[in-house]
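Asker: I grabbed these lines from Swiss-Prot:
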| type | residues | note |
| --- | --- | --- |
| ACT_SITE | Asp223 | active site |
| ACT_SITE | Asp351 | active site |
| COMPBIAS | 1-11 | compositional bias 'Basic and acidic residues' |
| COMPBIAS | 12-29 | compositional bias 'Low complexity' |
| COMPBIAS | 273-285 | compositional bias 'Polar residues' |
| TOPO_DOM | 1-48 | topological domain 'Cytoplasmic' |
| TOPO_DOM | 70-98 | topological domain 'Lumenal' |
| TOPO_DOM | 120-132 | topological domain 'Cytoplasmic' |
| TOPO_DOM | 156-160 | topological domain 'Lumenal' |
| TOPO_DOM | 183-186 | topological domain 'Cytoplasmic' |
| TOPO_DOM | 208-214 | topological domain 'Lumenal' |
| TOPO_DOM | 239-346 | topological domain 'Cytoplasmic' |
| TOPO_DOM | 368-373 | topological domain 'Lumenal' |
| TOPO_DOM | 395-398 | topological domain 'Cytoplasmic' |
| TOPO_DOM | 420-433 | topological domain 'Lumenal' |
| TRANSMEM | 49-69 | transmembrane segment |
| TRANSMEM | 99-119 | transmembrane segment |
| TRANSMEM | 133-155 | transmembrane segment |
| TRANSMEM | 161-182 | transmembrane segment |
| TRANSMEM | 187-207 | transmembrane segment |
| TRANSMEM | 215-238 | transmembrane segment |
| TRANSMEM | 347-367 | transmembrane segment |
| TRANSMEM | 374-394 | transmembrane segment |
| TRANSMEM | 399-419 | transmembrane segment |
Amino acid sequence: MNDTSERRSNENSESQSNGQTQSSSQQVLEQDEEEDEELTLKYGAKHVIMLFVPVTLCMVVVVATIKSVSFYTRFDGQLIYTPFTEDTESVGQRALNSILNATIMISVIIVMTILLVVLYKYRCYKVIHGWLIISSLLLLFFFSYIYLGEVFKTYNVAVDYITLALLIWNFGVVGMICIHWKGPLLLQQAYLIMISALMALVFIKYLPEWTTWLILAVISVYDLVAVLSPKGPLRMLVETAQERNETLFPALIYSSTMIWLVNMADGDPGLKQSASTKTYNTQAPTAHPRSDSAASDDNGGFDTTWEDHRNAQIGPINSTPESRVAVQALPSNSPPSEDPEERGVKLGLGDFIFYSVLVGKASATASGDWNTTLACFVAILIGLCLTLLLLAIFKKALPALPISITFGLVFYFATDYLVQPFMDQLAFHQFYI
C-alpha cells in the first residue's frame with residue numbers, strides 16, 4: 001500500500017510539473033511573439049523614415065531641374081537602345097515603335113543584370129569594380145559637367161572653364177573616394193542620390209514618352225520576377241552574397257548605415273558563431289580514432305588525452321576561491337551583440353532612378369500643372385511604405401518597384417486624364433467644392 005501511494009504521489013507531482021512546464025513555455029512563446037511584433041512596428045517605421053528622406057530628395061532634385069532647366073525637356077535625339085522614333089503619323093505606328101523600344105531596352109537591362117550575376121558568381125570582382133568605376137566616372141565627371149553647364153546657362157551665371165574644371169574635379173574625386181572606398185556616411189548617401197538623379201535626368205531627356213511609360217510598367221514586372229523567382233537573377237545575387245557573407249557593391253546599393261559595417265545579408269548571429277566554431281574544430285588535429293566520435297562530440301574534443309597533454313605542459317591546475325573570483329572578473333571575449341539601432345535598410349539605386357524617372361516624366365509631360373506631379377510623388381511614397389511594411393513582415397528581400405510604380409502609373413493617368421480636366425472645368429465655371 002505504501003508503495004502504491006508513493007507511486008501515485010510521484011505521478012501527480014510529475015503531471016503538475018509537466019503542466020507548469022508547458023504553461024511556462026507557452027508564456028515564453030507569447031512574449032517572443034509580442035517582442036517580434038514590437039520590433040516589426042518599430043523598425044518598419046524607422047526604415048520608412050530612413051528611406052523617405054533620400055527618395056524624396058532624389059525626386060525633388062529631378063523635378064526642380066525639369067521645371068527650371070529647359071535642356072532636359074527639349075528633344076535632342078534618343079538613346080541607341082531606343083532606335084524607333086515616336087514622331088509618326090498614326091497612333092498605331094507610334095504604339096508599335098514604343099513597344100519595340102521598350103522591348104530592346106528591357107532586353108538590355110536583363111542581359112546586363114545576368115552578366116553582373118555571372119561575374120559575381122564566378123568571383124570576377126575586379127571586372128565588376130572596373131565596370132562600376134567607369135560608370136561612376138562618367139556620371140560624376142561627364143554628366144555632372146553637362147548638368148552644371150546647363151544650370152549656369154539657365155540662371156545666367158558666368159563661370160570660366162578653369163573654375164568649372166576645378167569644381168568638377170573636386171566633386172568627382174571626392175565622390176569616387178566616398179562611393180568606392182570610404183568616407184562619411186552622409187556624404188556617401190548624398191553622392192548616391194546625386195548620381196541617381198543625374199541618371200534619371202538622362203533617361204527623361206532621351207527616352208520618348210510612350211516608351212518611358214511602357215518601360216516603367218515592364219520593369220516593375222521584371223523586378224517582381226527577378227527577385228521572387230527561385231532562379232531570378234537578383235535573387236541569385238542576394239543569395240550568393242548571403243552564402244559568402246559579403247556586402248553588395250556600394251555603387252549599386254543605397255544604405256542607411258555604413259555599408260562596410262552592416263550587411264543586410266547577415267543572418268542569425270548565432271549561425272555565424274557556430275560556423276566559426278566549426279571552422280575552428282576542423283582545424284584541430286584528432287588524436288583519437290573515429291570509434292570515439294560520439295564521446296568527442298559530447299566533450300567538444302577536450303578528452304582525457306587533451307587533458308594529459310595540457311597537464312604535462314602547464315602542470316595540474318588547483319582551483320581556489322580566489323582564482324575563481326579573479327577569472328570571473330576577467331572581461332569575456334564573446335562576440336558583441338548586434339545593436340538593433342545599427343541595423344540598416346538598403347535600396348537599390350535602380351529603384352531611385354525609376355522612381356525619379358516616373359515623377360520627372362510626369363512633371364515634363366503633364367498638362368503644365370503640379371497636381372499630376374504631386375499625385376505621382378505621393379503614390380511612390382505610399383508604395384514604398386507598403387513595400388517596407390511587407391519587408392518587416394516577411395523578413396526577406398522584396399522588390400521595391402512593383403507597388404510604387406503601379407501606384408505611380410495609376411495616379412498619373414487618373415490625375416492627368418480625369419482629375420485635372422474636372423478641376424479645369426470647375427475653375428472655368430467657378431464652381432467651388
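Including glycine, each Cβ sits where the backbone N, Cα and C put it.
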Asker: For the C-alpha pair, I'd like the distance in angstrom between Asp223 (active site) and Asp351 (active site), rounded off.
Answerer: 10
Asker: Give the nonlocal contacts of the topological domain 'Lumenal' (208-214) in its own chain as ranges (CB under 8 Å, at least six residues past its ends).
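Answerer: 78, 82, 85-86, 94-95, 97-99, 101-102, 105, 357, 361, 365, 409.
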Asker: For the transmembrane segment (215-238), give me same-chain residues lying six or more residues beyond its boundaries with a C-beta closer than 8 angstroms to one of its C-beta atoms, as numbers and ranges.
Answerer: 101-102, 105-106, 109-110, 113-114, 116-117, 120-121, 207, 248, 265, 354, 357-358, 397-402, 405-406, 408-409
Asker: Short question: which residues 6 or more past the ends of the transmembrane segment (347-367) have a Cβ under 8 Å from it?
Answerer: 51, 54-55, 58-59, 61-63, 65-67, 72-73, 192-193, 195-197, 199-201, 203-204, 207, 209, 212-213, 216, 219, 251-254, 373, 376-377, 380, 384, 400-401, 404-405, 408-409, 412, 416, 420
Asker: Among 49-69, 99-119, 374-394, 399-419, which stretch has the most Cβ pairs under 8 Å to the transmembrane segment (187-207)?
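Answerer: Comparing 49-69, 99-119, 374-394, 399-419 against the transmembrane segment (187-207), the winner is 49-69.
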Asker: Determine the mean pLDDT over the topological domain 'Cytoplasmic' (183-186), rounding to the nearest whole number.
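Answerer: Looking only at the topological domain 'Cytoplasmic' (183-186), pLDDT averages out to 89.
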Asker: Measuring CB to CB from Asp351 (active site), give everything in the same chain under 8 Å that is also at least six residues away in sequence.
Answerer: Ala400, Leu401, Ser404
Asker: Have the transmembrane segment (374-394) and the transmembrane segment (133-155) got at least three CB pairs under 8 Å, pairs 6 or more apart in sequence?
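Answerer: No, the stretches stay apart by this measure.
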Asker: What is the number of other Cβ atoms found within 10 Å of the Cβ of Asp223 (active site)?
Answerer: 23
Asker: Using Cβ distances below 8 Å and needing 3 or more such pairs, separated by at least 6 in sequence, tell me whether the transmembrane segment (133-155) contacts the transmembrane segment (399-419).
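Answerer: Stretch pair does not touch.
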Asker: Please work out the helix, strand and coil residue numbers for the topological domain 'Lumenal' (420-433) from the DSSP assignment.
Answerer: 9 helix, 0 strand, 5 coil
Asker: By Cβ distance under 8 Å, which residues at least 6 away from the ends of the topological domain 'Lumenal' (368-373) in the same chain are close to it?
Answerer: 63, 359, 362, 412, 415-416, 419-420, 423
Asker: What same-chain residues lie close to the transmembrane segment (49-69): Cβ under 8 Å, and 6 or more beyond its ends?
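Answerer: Hits for the transmembrane segment (49-69): 147, 150-151, 154, 189, 192-194, 196-197, 200-201, 204, 254, 256, 344-345, 347, 352, 355-357, 359-360, 363-364, 373, 377, 380-381, 384-385, 388.
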Asker: Go through the chain and flag residues at least 6 beyond the ends of the topological domain 'Cytoplasmic' (395-398) whose CB is under 8 A from any CB in it; none is fine as an answer.
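Answerer: Beyond its ends, the topological domain 'Cytoplasmic' (395-398) has Cβ neighbours at 227-228, 234-235, 238, 387.
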